[in-house]
């Protein structure tokens, strides 16, 4: 019982602390990511629980049976296997192994939430921890916008804004993606919540998220918000069209938004990404079947810019691809690229199925919003590697796992009732 509570408290702590802790902490001569240490303790604790608890082993083997027959987790497993295989031919094997283990950690976290912590009260606590994280990030983001506290110099004194805030997410685009995953669930809860105190809380949090998105100065954030709002209108009601148009029109009076909208088609600002994608195309042409190895676009970037100097930005080295889909195709070839897209499409289908079947109004409204966030997040990954930023994408897998845990639990309870 103590281990159960301790592990659950650890997972909630991990959810809250992941974006707040530094990326690395020096321990002697070794730099250790503190959030990864918490996750390691969770994994070790779960393994101990498997050894000592018959009920846990029963849930584990029942989960394994579901895991290997569920098309979402089958595609996730194929992608993970392809990542591990790619280590054998990657130029930078350490990086390939590191990124492979990172994705496998998402799968293990998904597994534990879906099959071990799938009681409603536990899932409520996980979502509550996630909302708490967003409150902290948003408050800090507002403070950073007015003070510049904790902000790197490279995100200060732009022509169209004094600061491009990052909060604790290292980069404005990372913060924008983190908030996009949360803002539409909060909007849906703000609209449909009946209790006034909760409605006010969700409304204020959604407003804080919108302000933070504005203060990131991210063009990708504007695209994400626009796409997410359109998806909400399509899924919910056309009565939201007029408010959406009013909000869109009013936002043009905000200088940061207006300037970034005007810059969306700026060829000068877009040129760097176009060059990165050209390099990706060259790698795909040279390694179409299996790719260059997980994470190794960055490792081979300098080599390819020496071969194709017309795509080189002088002064920059080991740049990432800035497109998650091209990254997967470049690094894992056809099998990896197709598996990655299959995982994303399967995730959408599974969440839509959960929305259609859940009897909980809170979860229905939250996950209608999350569906809009997913589509927006997918589109944002066309111009960034957001699926490979742990402080952002971990929450994608956690929220997905919560929905699937609820579905799995309901299905098992229904089966017990029918039998």
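Placement of Cβ uses the backbone N, Cα and C atoms for every residue, glycine included.
What TrEMBL records for this protein:
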TRANSMEM  7-26  transmembrane segment
TRANSMEM  32-51  transmembrane segment
TRANSMEM  71-91  transmembrane segment
TRANSMEM  97-115  transmembrane segment
TRANSMEM  122-143  transmembrane segment
TRANSMEM  175-192  transmembrane segment
TRANSMEM  199-215  transmembrane segment
DOMAIN    205-341  domain 'O-antigen ligase-related'
TRANSMEM  221-254  transmembrane segment
TRANSMEM  332-350  transmembrane segment
TRANSMEM  362-380  transmembrane segment
Honestly, do the transmembrane segment (199-215) and the transmembrane segment (122-143) touch, with at least three Cβ pairs under 8 Å and pairs 6 or more apart in sequence?
yes
Ranked first among 32-51, 97-115, 122-143, 175-192, 332-350 for CB pairs under 8 angstroms with the transmembrane segment (7-26):
32-51
Residue list, the transmembrane segment (97-115) vs rest of chain: Cβ under 8 Å, 6 or more residues beyond ends.
11, 39, 42-43, 46, 59-60, 62-63, 66-67, 73, 76-77, 79-80, 83-84, 86-87, 123, 126, 294-295, 388, 390, 393-394, 397-398, 400-402, 404-405, 408
Stretch-level contact, the transmembrane segment (332-350) and the transmembrane segment (71-91), CB cutoff 8 A, at least 3 pairs:
yes
Using a Cβ cut-off of under 8 Å, list the residues of the same chain at least 6 residues beyond the transmembrane segment (71-91) that approach it.
97, 99-100, 103-104, 107, 110, 290-296, 299-300, 331-333, 335-336, 339-340, 342-343, 346-347, 349-350, 404
Six or more residues beyond either end and a Cβ under 8 Å away: which residues meet both conditions relative to the transmembrane segment (122-143)?
8, 11-13, 15-16, 18-20, 113, 149, 165, 167-169, 175, 178-179, 182, 186, 205, 208-209, 211-212, 215, 366, 395, 398-399, 402, 405-406
Residue list, the transmembrane segment (362-380) vs rest of chain: Cβ under 8 Å, 6 or more residues beyond ends.
127, 176-177, 180-189, 191-193, 220, 223-225, 227-229, 231-232, 235-236, 344, 347-348, 351-352, 354-355, 386, 396, 399, 403, 406
